[in-house]
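Enquirer: The annotation active site, proton acceptor is assigned in Swiss-Prot to Glu89 on the grounds of sequence analysis. The ATP binding site annotation in Swiss-Prot covers Gly15, Ser16, Met17, Phe18, Ser19, Gly20, Lys21, Ser22, Asp88, Glu89, Val90, Gln91 and is backed by sequence analysis. Among the features that Swiss-Prot reports, Zn(2+) binding site is placed at Cys145, Cys148, Cys183, Unk186, with the record citing sequence analysis.
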Amino acid sequence: MYLINQNGWIEVICGSMFSGKSEELIRRVRRTQFAKQHAIVFKPCIDNRYSEEDVVSHNGLKVKAVPVSASKDIFEHITEEMDVIAIDEVQFFDGDIVEVVQVLANRGYRVIVAGLDQDFRGLPFGQVPQLMAIAEHVTKLQAVCSACGSPASRTQRLIDGEPAAFDDPIILVGASESYEPRCRHXHAVPTNKDK
């Protein structure tokens, strides 16, 4: 990262599932703690895959988190001694998350968000594209395609081992039982003629 003389900015960590987004968010939070900065981590209540009160990476790293139902609930937990606000699975938050993140950065907090930039269909997911547009720093991570070994920028949803259809519900919380990382060429979404 670059030397920043002003307090308050936004960092977005994005990519497909299994690309290391939560792991990178945890790493950045731990670095702030080593620097004696005060950090707080948030996650949406819907994300209960591994834990209800921790952000947990697929490889088992974890950090304590405050689960919240709505974006604006984040404000209730912020205190003046905080330096860093981290938010995992940001794609699951409501539309107010962009305003919340902007307000926090404008108040002088370093705001780190992590989330999927594309849904299982390969389309922009939730508010992540807007957050990427207003962020000072964007880190786009890639996984390894489970079909061919190429860099994977997409998330393949599987239902009984087969690709999910384009019109299936967007949100289905899951892990390796429901999703695989895929490259552009090995990603399939039935009924979508562009894929």
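Using the three backbone atoms N, Cα and C, a Cβ is placed for every residue, glycine included.
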Enquirer: Let me make sure I understand the span of the ATP site: among Gly15, Ser16, Met17, Phe18, Ser19, Gly20, Lys21, Ser22, Asp88, Glu89, Val90, Gln91, what is the greatest distance between any two Cα atoms, in Å?
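Expert: So the maximum pairwise Cα distance among the ATP binders is 16 Å.
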Enquirer: Select the closest residue to the residue listed as 'active site, proton acceptor' from the following binding-site residues, measuring between CA atoms: Met17, Cys145, Cys148, Unk186.
Expert: Met17
Enquirer: Reduced to three states, what secondary structure does DSSP give Val90 (ATP binding site)?
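Expert: DSSP assigns Val90 (ATP binding site) to helix.
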Enquirer: Would you mind reading off the Cα separation of Lys21 (ATP binding site) from Cys148 (Zn(2+) binding site), to the nearest angstrom?
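Expert: Here the two Cα atoms are 21 Å apart.
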Enquirer: Taking the Cα atoms as reference points, how far is Met17 (ATP binding site) from Cys183 (Zn(2+) binding site) in Å?
Expert: 12
Enquirer: Tell me, in order along the sequence, which binding-site residues from Cys148, Cys183, Unk186 have their CA within 10 Å of Ser19 (ATP binding site).
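Expert: Hits: none.
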